[in-house]
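Student: What Swiss-Prot records for this protein is below:
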- 20-40: transmembrane segment (TRANSMEM)
- 63-83: transmembrane segment (TRANSMEM)
- 110-130: transmembrane segment (TRANSMEM)
- 151-171: transmembrane segment (TRANSMEM)
- 178-198: transmembrane segment (TRANSMEM)
- 212-232: transmembrane segment (TRANSMEM)
- 256-276: transmembrane segment (TRANSMEM)
- 296-316: transmembrane segment (TRANSMEM)
- 346-366: transmembrane segment (TRANSMEM)
- 375-395: transmembrane segment (TRANSMEM)
- 398-418: transmembrane segment (TRANSMEM)
- 422-442: transmembrane segment (TRANSMEM)
Amino acid sequence: MLNRMKSARPKSVAPKSGQALLTLGALGVVFGDIGTSPLYSLHTAFSMQHNKVEVTPENVYGIISMVLWTITLIVTVKYVMLVTRADNQGQGGILALVALLKNRGHWGKFVAVAGMLGAALFYGDVVITPAISVLSATEGLTVISPSFERFILPISLAVLIAIFAIQPLGTEKVGKAFGPIMLLWFVTLAGLGIPQIIVHPEILQSLSPHWALGLIVAEPFQAFVLLGAVVLTVTGAEALYADMGHFGARPIRVAWFCVVMPALILTYLGQGALVINQPEAVRNPMFYLAPEGLRIPLVILATIATVIASQAVISGAYSLTKQAVNLKLLPRMVIRHTSRKEEGQIYMPLVNGLLFVSVMVVVLVFRSSESLASAYGLAVTGTLVLVSVLYLIYVHTTWWKTALFIVFIGIPEVLLFASNTTKIHDGGWLPLLTAAVLIVVMRTWEWGSDRVNQERAELELPMDKFLEKLDQPHNIGLRKVAEVAVFPHGTSDTVPLSLVRCVKDLKLLYREIVIVRIVQEHVPHVPPAERAEMEVLHHAPIRVVRVDLHLGYFDEQNLPENLHAIDPTWDNATYFLSALTLRSRLPGKIAGWRDRLYLSMERNQASRTESFKLQPSKTITVGTELHL
């Protein structure tokens, strides 16, 4: 089995036209978050500590230098050049990295906890990104006229409501426009920055890291606090890794080096030059870069870009949740496909609803991008540090390469994280609270599922005893049905409770019994031809077949489709599901909060009928009461 699972990925390379389309697609999905960071990053830096950072050439050179070298070290070196090589059959993201490391001996438990924490922090990022992005875009209206300020909140809420309202429709059609629109956005960023650089070429001094180091030496505390704003320039860096499975590493690298990185460097240099020449522009340097006649079109384009950035992180939340469900970190949820062509385009009603409520509350509580900026950094930097630790465990390289990574990437990331801890009281509590809630949910689900499996194992009949009873004379009293029955089951050495009840209580015995166990592999996809392992446990008169179905964490758990590939005669089978009614052994008021939380999640998770893509008319649910 292991040899079969290690089949190499195809070495074929897409033709140049295909690579170009993938690169354009990556611009629309992967780089939306980091591409909209110039809307608020520099403004946030100068508004730190109630505008204590003076707008002087030295401070501007130092801040811009810190921004450019943070982008270079974390995004270019770490993600684009290094981490994207740590793929799991082409898939990326922190849970893909965790799946690669699951069996690393004594690291296993730490890796699982780190992956859970990283996923939880990502959800904090997902809640904040749509809110801060859309708010920062609509705040450009105040540059046109201060009287527009009262419209910022209603417009932002309307845009966000529209984003979440269209989720059930999917993005297959409008998604094709994301790439060209984001290409226009990055060209606009570069085009707005270049004139200011030409007029004030001295800003090019910021390319030298000595300005960043000089600011750190001259004003260490101020520089430390500024790191909390500098990190905003690399929000979305994790998307380069997480979305690798959709586009491939090469198109992402091409898009970064040819379009995104040059555009970001030019716009940050341009904003720095503008602020030196016009200190009042620090209120919103992105929109002050544009001539007055182009500011309304820029606000419109920026709003569209932030909608695309929001869509990217929402889609990322769906994908991450699906991985978490398949890895048994979360209960089953309803998953709906919104595209017949793209398997990865999905919609999850529960996730969408929770995100919608969370984002609305965040916007109404914080009310401005400046206030939200304080909340943003902790989720981002926490994920950065965790990915670095997991990456070092994965590569297990020579000591001097590890030392270089720690010095040039690890230490700066830890400093970025430490700087953001100073903002906990100003909003940094938000991602921490979100992460804490999700960790409690995931740990409770794991804990409760383990207890259920232990209790269930005590009720289930050992497989060998069941097979012995099939040959015993007293089975003549059973009503035999000349059809096929399929029993999904979690283990291979016991009999499903639904089958036990079927024989014991219903007195039914089917001509052919198929017991299906889904084996979750730590890879994104298992090729259809390599999924099934079948063993005939009992022949005539009752045929018992055990099927182990090996699926990746991105594969659909579609039982009829997968079983058809094994034996088309099973198409008309009747499916029997075990439905557990869970009760706590303790009275309601005494039962612990963990018991109550788990029981609530178990009762409200999506039905297995829908998760396994079964027809209700061909599915029978057999109930069993279980006391925990």
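Every residue, even glycine, has its Cβ placed from backbone N, Cα and C.
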Student: Does the transmembrane segment (296-316) make contact with the transmembrane segment (63-83) through 3 or more Cβ pairs under 8 Å, each pair 6 or more apart in sequence?
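Tutor: Result for the transmembrane segment (296-316) with the transmembrane segment (63-83) is no.
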Student: Counting only residues 6+ away from its ends, which parts of the chain sit with a Cβ under 8 Å from the transmembrane segment (151-171)?
Tutor: 130-131, 134-135, 138-139, 141-142, 178, 303, 306-307, 310-311, 314-315, 336, 338-339, 345, 347, 349, 352, 355-356, 359-360, 363-364, 367-368
Student: Can you tell me which of 20-40, 63-83, 110-130, 375-395 gets the most C-beta pairs within less than 8 Å of the transmembrane segment (422-442)?
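Tutor: Maximum Cβ contact count belongs to 110-130.
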Student: Test of understanding: applying the rule of at least three C-beta pairs under 8 Å (pairs 6 or more apart in sequence), is the transmembrane segment (256-276) touching the transmembrane segment (178-198)?
Tutor: yes
Student: Please figure out which one of 20-40, 212-232, 346-366, 375-395 racks up the most CB pairs under 8 Å against the transmembrane segment (256-276).
Tutor: 20-40
Student: Top stretch among 63-83, 110-130, 375-395 for CB pairs under 8 A with the transmembrane segment (346-366)?
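Tutor: Stretch with maximum Cβ contacts: 110-130.
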